[in-house]
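Per TrEMBL, these features apply:
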DOMAIN    51-79  domain 'C3H1-type'
ZN_FING   51-79  zinc finger
Amino acid sequence: MGKRYFCDYCDRSFQDNLHNRKKHLNGVQHLRAKKAWYDLFRDAAAVLLEEQSKKPCRKFLQTGQCDFGFNCRFSHMTEEDLEKLSAQVQEERRSKEEGADVPAGTIEDWLEKRAKRLSLAQSNSSLMEKTSVFQYPPGWPPIQDLPPSLQAPLPGGWPVLPNLQWG
């Protein structure tokens, strides 16, 4: 039967050879599907700018459906949708401006906190036996439900089993 090529954008497969793949990758359907996929991840400002430059789709406004769907060259957004989108853009701009004032956590900050926590744990050696320096991230399931690869190591390290062979 031979190898088959599956296109994730178009959700279809075909026999994989140079001619078929080249024909598919340069085809209009593939290019539209690929554009539609990447459009899902665009920021709101770019979507708003593009939608404002398009004329409204008459068929979509009358019936609520358009035969062309994502491939339609007209806008399927109502005035209400455009207002919501512009409000979202303004909110994103405002949050970016406010976020610029507050510096994001850096690796240096994390290392400083870790060093303080370790020095505090070493100074309180009696408390060190009771508390672990290792901390699980918030929101993780209970420790007993975690796989062994995600569980914290034992205080003395992992036990070495006799006659254990790797490979």
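From the backbone N, Cα and C atoms, a Cβ is placed for every residue, glycine too.
Bear in mind that the values here come from a model prediction, so they are computed numbers and not experimental data.
With helix defined as DSSP H, G or I and strand as E or B, the zinc finger (51-79) counts 13 helix, 2 strand, 14 coil. The predicted model assigns the zinc finger (51-79) a mean pLDDT of 88.
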